[in-house]
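Asker: Pulled these from TrEMBL:
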TRANSMEM  12-34  transmembrane segment
TRANSMEM  40-58  transmembrane segment
TRANSMEM  78-97  transmembrane segment
TRANSMEM  103-126  transmembrane segment
TRANSMEM  147-167  transmembrane segment
TRANSMEM  173-192  transmembrane segment
TRANSMEM  221-244  transmembrane segment
TRANSMEM  256-276  transmembrane segment
TRANSMEM  285-302  transmembrane segment
TRANSMEM  308-329  transmembrane segment
TRANSMEM  350-372  transmembrane segment
TRANSMEM  392-410  transmembrane segment
Amino acid sequence: MSALTRQQLLSYALPALPLAIPTVGLYILLPTWYVEQWGLSLGLVAVLLMLARLSDLVSDPFIGHWLDRGSPCRYRRFILLGGILCIPGLWLLVLPLQGLAAISLLLGSVVLYLGWTLVQVPYLSWLAALSGDSHQRARAASWREGLTLAGLLISAVMPALGLMTGLETGNVLLVMALLTLVLGGLALAWLLRSTPLPAVDDAQPVAIRLSSLMRNRPARILLGSWFFNGIGNGIPAVLFPLFITTTLAGTESDRGLLILIYFGAAVLSLPAWLALSRHFDKVDLWRTAMTLSILAFLPATLLGAGDLLLFIPICILTGLMLGADLALPHAMQAEVCDWDRFRFRRQQRGLLFACWNAANKLALALAALLGFGLLQLTQWLLTDDQSAQSLALIYAGLPCVFKAIAVVRLRNYPLRQARSAMLHRRLQQIDGVPHVD
């Protein structure tokens, strides 16, 4: 199997950069902005985001199913339609209607999530079609996630620079949205023009296909671990701004600096995780990274006002482990697509990646509900000093529990490196493609 060229890797991975630019703003800063700027309660924001995520959750399997059973041109059509829907969704979120902040948050999130799904599901599932070789997929995933992190760094820098120069948060978010739409349109156009469309298969009804996924043991285990790890990553994300200013007594500029440190460490770690994946099993590497992340993050539960400097090494260490979260599971998901194709003799990568996408969305929704909901409860029941300490426990302690569950679920994961390589060779024989070491 020939190696992917740099041009192939770049054309596939480049859209990840602009698509990631609004991420920090939308997932980390926006919920707190609606609380601080527009007067919504923590509980209301949590419920609205949960409702938006649930509406989005329903669409994922159907979009994946339609992607698999239709013409390959549906990849282009879905991405184009999704990009169009993202425009009003982003606009409504960063420029909420006067006096209708709650409705703007809910409606804008629903429209944006639907558009994002129409882009994300075909884009992620494309990975499995780039190459049949596990290492080449890991390379492509690392390129994509590296550019994702570059976009996240831009997303972290822009709010910090904007606030330092006197721009309001809403204007900063608007600039980020416009930059995303312009650069994203150009990058996706190059992807659709230069990357061959994946092959599709005649699919059975979605209910039958979903039931077959339940018989796919590697998919079930990986999905569960992906879900619990997503909650573990989501809770600190939504509570990060409040943790910095309330527990550590930091400023808004401190938020931006710490986000830069965290994602910068993740970017630097990606080449190392890719190199390690050539010599060690991806499952063992991912479990090790999650375990080290737990050990590095637990001390944050003990921090308080004035401990901002002590939080920096925690950001660095957990950021280094984030690189594994971003590079390894996606390559493992592509290997599960191979196993599913070998076991059931049909191609349903779109549905598989849609289910993983849906699990991640549900995890983020539950993370927001748990994080904001528990914090709201502590504000009702505890004093201000007790609330600050409880925020540290919710922010850093609770995610470690979910990450530990993710680690345990992977202990009996059956699709190891050697077996995945064997499946790849068998599929090449079925397809009549000669194997090249």
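Note that Cβ sites are derived from N, Cα and C of the backbone, with glycine treated the same way.
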Asker: Do at least three C-beta pairs under 8 angstroms join the transmembrane segment (392-410) to the transmembrane segment (147-167), pairs 6 or more apart in sequence?
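Answerer: Contact between the transmembrane segment (392-410) and the transmembrane segment (147-167): absent.
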Asker: Do at least three CB pairs under 8 A connect the transmembrane segment (308-329) and the transmembrane segment (221-244), leaving out pairs fewer than 6 apart in sequence?
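Answerer: Between the transmembrane segment (221-244) and the transmembrane segment (308-329), contact is present.
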Asker: What residues elsewhere in the chain lie close to the transmembrane segment (103-126), defined as a C-beta under 8 angstroms and at least 6 residues from its ends?
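Answerer: The answer is 12, 15, 19, 26, 34, 40, 45, 48-49, 51-53, 55-56, 59-60, 63-64, 67, 74-75, 78-79, 81-93, 96-97, 188, 191, 195, 198, 330, 337, 349-350, 352-354, 356-357, 361.
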